[in-house]
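To start, the structure under review is shown below, and the notes come after it.
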Amino acid sequence: MSGRGKQGGKARAKAKSRSSRAGLQFPVGRVHRLLRKGNYAERVGAGAPVYMAAVLEYLTAEILELAGNAARDNKKTRIIPRHLQLAVRNDEELNKLLGGVTIAQGGVLPNIQAVLLPKKTESHKPGKNK
């Protein structure tokens, strides 16, 4: 035995997910699989699912932040579809992005046309009735 050859080679490094490498919570591997299976293109590059997962994570965080604020404004600790609806419809950009989306159990934004409101009568100013 000359001491050459395999001598307990290096242990394989612990597997690290693509999500953790990119610093994301959303699953990059699952997004990659869905892009491949969805027949969106013949081939899918390595960076595409990372970018897609990052965009989805950002949009989700943005909506949840606004919905959490809406829940807090209504003195609630749980986000319900109504809070999601209020969050999306009160934000100009999200409303444009999700304009054609119906949120189940979301309700509508409170809105009363100005024409339907009672007219204000001019109050008499004191001191000018002489």
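Placed from the backbone N, Cα and C atoms, the Cβ positions cover glycine too.
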Swiss-Prot annotates one residue of GLN85, GLN105, GLN113 as N5-methylglutamine; which residue is it?
-> GLN105
LYS16 (ubiquitin cross-link) and THR121 (phosphothreonine), compared by Cα position, are separated in whole Å by 71
By a simple count, how many Cβ atoms lie within 10 Å of the Cβ of LYS14 (ubiquitin cross-link), its own Cβ left out?
-> 5
For the recorded positions LYS10, LYS16, LYS37, LYS75, LYS76, the one whose C-beta sees the most other C-beta atoms within 10 angstroms | LYS76
Count up the helix, strand and coil residues in the compositional bias 'Basic residues' (7-19) according to DSSP, in that order.
-> 2 helix, 0 strand, 11 coil
